[in-house]
Amino acid sequence: MGDHLDLLLGVVLMAGPVFGIPSCSFDGRIAFYRFCNLTQVPQVLNTTERLLLSFNYIRTVTASSFPFLEQLQLLELGSQYTPLTIDKEAFRNLPNLRILDLGSSKIYFLHPDAFQGLFHLFELRLYFCGLSDAVLKDGYFRNLKALTRLDLSKNQIRSLYLHPSFGKLNSLKSIDFSSNQIFLVCEHELEPLQGKTLSFFSLAANSLYSRVSVDWGKCMNPFRNMVLEILDVSGNGWTVDITGNFSNAISKSQAFSLILAHHIMGAGFGFHNIKDPDQNTFAGLARSSVRHLDLSHGFVFSLNSRVFETLKDLKVLNLAYNKINKIADEAFYGLDNLQVLNLSYNLLGELYSSNFYGLPKVAYIDLQKNHIAIIQDQTFKFLEKLQTLDLRDNALTTIHFIPSIPDIFLSGNKLVTLPKINLTANLIHLSENRLENLDILYFLLRVPHLQILILNQNRFSSCSGDQTPSENPSLEQLFLGENMLQLAWETELCWDVFEGLSHLQVLYLNHNYLNSLPPGVFSHLTALRGLSLNSNRLTVLSHNDLPANLEILDISRNQLLAPNPDVFVSLSVLDITHNKFICECELSTFINWLNHTNVTIAGPPADIYCVYPDSFSGVSLFSLSTEGCDEEEVLKSLKFSLFIVCTVTLTLFLMTILTVTKFRGFCFICYKTAQRLVFKDHPQGTEPDMYKYDAYLCFSSKDFTWVQNALLKHLDTQYSDQNRFNLCFEERDFVPGENRIANIQDAIWNSRKIVCLVSRHFLRDGWCLEAFSYAQGRCLSDLNSALIMVVVGSLSQYQLMKHQSIRGFVQKQQYLRWPEDLQDVGWFLHKLSQQILKKEKEKKKDNNIPLQTVATIS
């Protein structure tokens, strides 16, 4: 019942903001008058159930201060800014009051009969009120038959001489005397409480027994004939001797839970002049039925042998926040019923196989926040009842010592890899380690009966690719957040890591730098209900990326620009806050869906905002209108069509260029054929003029066969009627018996053009070079470009420049080069024909003005 009232009070303390009740007002049941500068109790309705008057300036409370409030259950008068005077029967008009809170108010005067008439008062709070011993000695609490909780902490009480009326408070279960100045408590002081069973009794932070000399023979047992469920004597600065004497003094009293936290027992680290608890320290508690012993927040350095030997009923032992560095052999001997052992926040560096002997029923061992780096193999193997082992935040580099137990906590260590051991567990917590290879994940997913696997804040970024997934029918929750899975998956390996997890219900992949999701990576997760992908770099999410039965998706803090709403229609809850939405018409479909969907959108609307364009930056998507985007869609279609037309045209153009370039010879032949067919361009001779030949072909006799096949058969009329040129060349047209130079000169001057076929043989033939020189001479004489030079073969510029006669021509005139690709021969012959047919400009005629002799006058 008391727990329910505590919960009720907590609700009341938040009544203003929760129920929307404005300050200094009431709604018929709750009167909310905190911080209202009141100097007296306000008048409220008789239906009021809770009256909150804290943080005001009320000075006096008398019997007439309150109207008759039969339904009032909670009165809060604490934390007044002025000293408070409470007169006789000040609360008699509140007959059904259950909780009276006067805490943190400086009580200037409290009448001994102030609380008379509160027959139903359940809890009385008088903490930090400046009260003295008189409140206990003078019967202030008599007749409070329903009183269960009495809080007198943080006052100025120095002794616990209780008024005999305490013996009649049969409902009293909890008394708090903590943070007073009670230096000594003896048997006769608490005599009115003898025979009672108290759920809580606190003497914490009083410097009890530590500032005075105690004659334990006279003081005797302060809790004689009492049963205490929780006895709190923490924070009193007890040494080993004081603790031992106190244990002996209360040896015949029942104290199920003994809190001795914040003590000064133990040598600490580096000191030897203060004793650690030994075999005699807790010997007096042998018959006290202690089940829970709290020795946390002290300086114990060494757990000595059999230090807890007499505590046969102990089930929970809390040794956290000490300086324990050494556990002696048989330190836990005698703790046959211990179930929970807390050794967290100590200085343990290594554990040995003998450390936990004597704990046959221990189910939970907490060793977190030590410095453990080495653990012997058999340390936990013999603990047959062990259910949970907590080794978080140590310095472990291997786990070969881990037994098969349901819950294993190993986060915050230095694990880089895991040994291949036979392991069975329900929960494995391995976050904040240094695991890198996904082979470790494959191994852990094979652990039988595993239900929860936590691997957050590791370094998973590589994959060997030689692992195969195996069926795990038990795993329900997998935490892989804050790793680097993008680096592993971008190698196209380990995409099958989730294949065997047909019963997985919750998967966390947040903070993994994911740019995209591997195809089908979730396709086998048929039972998945919740998926977290928040704080990644996803820009696109397609329907095939998500499991079919997914209900809850967290994809917040990604880089989604314009998501497709069809991806989310099957969800129940969606968190899409803090993405980088581009608020243009492409987003209109998603905005419309967002405003009309039945899917629960997590997070405040202000967190779903635009980042572009700048005019909409920071604007919530729920505030945007999509009007005008229909015309934009039409324009978009038009733009797309225009894009397609331009793309096709450009593609055809490029393909045409590529085809013509690749098959240019064939294309040229087709062009010439079409020209003849369309324009009836039949071969015909050249126009008659003053020249006997159209061209003189000058070449080396060693090249005759090639010249005949390559040129003469395609150009010379005597080789074919289809040809149009009357050519001159040495082998046919030179007059036998005549001087060779004369033949050359005659051929040069009787031909419209001179075509020199310069090959390697040409450069070695003196007559050819001589003919080239004569041809240059004609060009100089006629001031025209009758000489056509054709380079045949792979002759370099340097080879041509070595010959003086050719050097001058190459430096000043253009020349042709016989094509290397056979398909270019037709085009080349056409170009050569055009050069032969090309007429030179007529030379200007002289005016033929005769010169006359000019007479000189002397």
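Keep in mind that glycine also has a Cβ here, set from the backbone N, Cα and C atoms.
The shown structure was predicted, so the numbers you read here are calculated from the model rather than taken from an experiment.
Record features (Swiss-Prot):
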SIGNAL    1-20  signal peptide
CARBOHYD  ASN37  N-linked glycosylation site
CARBOHYD  ASN46  N-linked glycosylation site
REPEAT    71-93  repeat 'LRR 2'
REPEAT    120-143  repeat 'LRR 4'
REPEAT    171-192  repeat 'LRR 6'
REPEAT    214-229  repeat 'LRR 8'
CARBOHYD  ASN245  N-linked glycosylation site
REPEAT    260-284  repeat 'LRR 11'
REPEAT    289-301  repeat 'LRR 12'
REPEAT    313-334  repeat 'LRR 13'
REPEAT    337-355  repeat 'LRR 14'
CARBOHYD  ASN342  N-linked glycosylation site
REPEAT    385-401  repeat 'LRR 16'
CARBOHYD  ASN422  N-linked glycosylation site
REPEAT    449-470  repeat 'LRR 18'
REPEAT    474-495  repeat 'LRR 19'
REPEAT    549-567  repeat 'LRR 22'
DISULFID  CYS583-CYS610  disulfide bond
DISULFID  CYS585-CYS629  disulfide bond
CARBOHYD  ASN595  N-linked glycosylation site
CARBOHYD  ASN598  N-linked glycosylation site
TRANSMEM  640-660  transmembrane segment
TOPO_DOM  661-858  topological domain 'Cytoplasmic'
DOMAIN    691-836  domain 'TIR'
MOD_RES   TYR798  phosphotyrosine
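Take the glycosylation sites ASN245, ASN342, ASN595, ASN598: by the count of other Cβ atoms within 10 Å of each Cβ, the lowest one is ASN598. Note on proximity: of the recorded positions ASN37, CYS585, ASN595, CYS629, the one nearest ASN245 (N-linked glycosylation site) is ASN37, by Cα distance. Other Cβ atoms within 10 Å of the Cβ of TYR798 (phosphotyrosine) number 7 in total over all chains. Proximity of distant same-chain residues to the repeat 'LRR 6' (171-192), defined by a Cβ-Cβ separation under 8 Å and at least 6 residues beyond the stretch ends, is recorded for 2, 127, 145-165, 198-212, 214, 218-224, 226, 232, 235. A helical conformation is recorded for ASN595 (N-linked glycosylation site) in the three-state DSSP classification.
ASN37 (N-linked glycosylation site) has ASN46 as its nearest neighbour among the recorded positions ASN46, ASN595, CYS629, going by CA to CA distance. Here the CA atom of CYS583 (disulfide bond) lies 66 Å from the CA atom of TYR798 (phosphotyrosine). Counting neighbouring Cβ atoms within 10 Å of each of the glycosylation sites (ASN37, ASN46, ASN422), the lowest count belongs to ASN422. Here the disulfide-bonded residues are CYS583, CYS629, and the one with the most other Cβ atoms within 10 Å of its Cβ is CYS583. Of all the disulfide-bonded residues listed here (CYS585, CYS610), it is CYS585 whose C-beta has the fewest other C-beta atoms within 10 angstroms.
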